[in-house]
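These notes concern the structure reproduced below.
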Amino acid sequence: MSVSAQSVPTTIACLLGPTASGKTAAALALAARRPIEIVSVDSALVYRDMDIGTAKPTREERARVPHHLIDIIDPADAYSAASFRADTLRLIGEIVARGNTPLLAGGTMLYYKALTQGLNDLPTADPAVRAELDAEAARDGWPALHARLAQIDPATAARLAPNDAQRIQRALEVFMLSGQPMSALLAAPRPADEAAAAYRFVPVALEPSDRAVLHARIAQRFDAMLAAGFIDEVERLRRRDDLHLGLPSMRCVGYRQAWEFLDGDIDYRTMRDKGIFATRQLCKRQITWLRAMPERIVVDCIAPDSTARALDALERVLDGRIAAG
């Protein structure tokens with residue numbers, strides 16, 4: 001159904017922030033005030049059997065408020081931004097129809113961008129093409145494939161590191177399937193999308209006024225994961241014949257480093273240091289995405305009363321007392 005000039009889009013509050021910024025605490029605080037259902041905006045939480053390393057909400061927390069898009073696929077499978085977009089638009093409609101309030105919460109900014117801005121017409125993943133590229137990478141190395149990408153799509157290659165296997169593979173896959181550089185397809189106008197036009201997405205962004213404080217939280221969280229049995233969790237996954245480091249699930253922060261430790265490639269201390277560093281790099285990318293959203297409502301996530309501030313911002317959004325600019 002088209003959104004007429006008279007219809008008012010439904011406001012959807014979105015709680016976005018980097019790792020360890022307090023999203024779960026703020027979401028649960030809102031759940032104590034309103035009948036909400038949380039839709040996860042997190043590419044790691046979709047995987048089953050990956051609980052500790054993804055800092056998945058506990059069973060108790062998930063019992064207190066309905067959560068969606070958590071534990072929905074096996075680690076051997078893939079989940080795309082397009083799938084997230086379709087699932088989220090469907091879920092929002094179902095939650096509203098139940099008389100509840102949807103709250104989007106997470107830190108996968110690519111998913112949020114796909115939801116709010118739409119998707120370009122890129123070809124879907126092809127397992128055969130990916131297997132071919134994986135075999136070439138095993139033989140020649142990802143820097144060699146990066147060099148090939150630079151010849152056919154210099155714009156995309158210029159923004160990717162030579163060892164960024166996931167993105168190099170995707171860019172080459174797109175070219176092999178479409179015959180066009182991914183940069184050209186991404187620059188093409190997005191098709192009109194009436195489904196998302198029914199909603200106004202308002203982001204409340206949890207950002208640190210002092211990044212060093214957030215970095216300390218990240219280190220504490222990683223150590224807590226290790227103490228909670230993270231290495232054992234990865235070992236159980238590693239024993240499966242159908243899982244390997246080339247899969248998106250095993251590229252999640254921390255899992256690759258723990259896997260390398262279990263393989264004997266690095267020692268325990270190096271694994272810990274690399275895991276924390278990778279998490280900090282993810283945090284940096286997440287903050288960069290957030291700061292590119294001029295319409296966001298910023299809450300300092302390291303303030304002593306950050307949960308109360310985030311709760312206040314979310315309630316003002318939902319009450320119509322504040323809106324995206």
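Residue numbers in this text run from 1 along the chain shown.
Backbone N, Cα and C define each Cβ position, glycine as well.
Range annotated as region 'Interaction with substrate tRNA' by Swiss-Prot, chosen from 204-211, 260-267, 284-291: 284-291.
Swiss-Prot assigns the feature region 'Interaction with substrate tRNA' to residues 42-45, out of the candidate ranges 2-5, 42-45, 62-65, 242-245. Per Swiss-Prot, the stretch carrying the note region 'Interaction with substrate tRNA' among 116-120, 166-170, 271-275 is 166-170. The most densely surrounded of the recorded positions SER21, THR24, THR108 is SER21 (count of other Cβ atoms within 10 A of its Cβ). Summary of the substrate site environment: with the site residues THR19, ALA20, SER21, GLY22, LYS23, THR24 set aside, the chain residues having Cβ atoms within 8 Å of the Cβ mean position are GLY17, PRO18, ALA25, GLY107, LEU206, CYS301.
Between the listed binding-site residues, namely PRO18, GLY22, the fewest other CB atoms within 10 angstroms of a CB are found at GLY22. Of all the binding-site residues given, namely GLY17, PRO18, THR24, those whose Cα is no farther than the 10 Å limit from the Cα of THR108 (site 'Interaction with substrate tRNA') are GLY17, PRO18.
Beyond the ends of the region 'Interaction with substrate tRNA' (42-45), by six or more residues, the same chain brings 53-54, 56, 69-71, 79, 84, 106-108, 110-111, 248-249, 252-253 to within a C-beta distance below 8 angstroms of the stretch.
Within its own chain, the region 'Interaction with substrate tRNA' (284-291) has Cβ neighbours under 8 Å at 16-19, 107, 109, 112-113, 203, 205, 207-208, 211, counting only residues six or more beyond its boundaries.
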